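Trainee: Dropping a structure here in structure tokens format, bear with me for questions.
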Amino acid sequence: MANRGPSYGLSREVQEKIEQKYDLELESRLVNWIIVQCGEQIEHPPPGRQHFQTWLMDGTLLCKLINSLHPKGNEPIAKISESKMAFKQMEQISQFLKAAEIYGVRTTDIFQTVDLWEGKDMAAVQRTLMALGSLAVTKDDGCYKGDPSWFHRKAQQNRRGFSEEQLRQGQNVIGLQMGSNKGASQSGMTGYGMPRQII
């Protein structure tokens, strides 16, 4: 963790707002999924934001998680280091983030390395893991382990096909968004630029 003193004023208010978004119930669901998905003897962390952060901080669990969502021999992260050096841990977190983006998680759903490593925004870490889990359930390629009800399925593409005749008919209809001019008239209007006539 960074050696930073406490924040004050506006910085403190912003940090408190970020911390309020953290969900303990979601944390327990994510912990259960990571343990089931990785399929190893992983110790269950005590509940709480700080414990969740230290549990994921070195990046090894995240790398194992993203590798477990791929078929054997096709893992995106070849070497997972158990190093205690800060730069190695941060490198592993960024490897996970790149692999998650390649897997299909949108860039807007991906946290930044410092959000986890320094504990700046653990709610963003939760959002990324939720998006990853939802994507894994939606892909349904046999690599997801765990209860499918833990995550929402993402909506699949729903393309609609219209014939040329239907498209032509649609051009003749004035949509209600454009408003209506029934009953409108310009009686009593004067031309632009003319002064108002008071009689």
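Using N, Cα and C of the backbone, Cβ positions are placed for all residues, glycine too.
Note: TrEMBL annotation is automatic and uncurated.
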Trainee: Pick from 8-31, 56-79, 176-199: which range does TrEMBL record as region 'Disordered'?
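Mentor: My reading of TrEMBL: the region 'Disordered' range is 176-199.
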Trainee: DSSP-wise, what's the residue breakdown of the domain 'Calponin-homology (CH)' (24-136) into helix, strand and coil?
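Mentor: Tallied per class, the domain 'Calponin-homology (CH)' (24-136) gives 73 helix, 0 strand, 40 coil.
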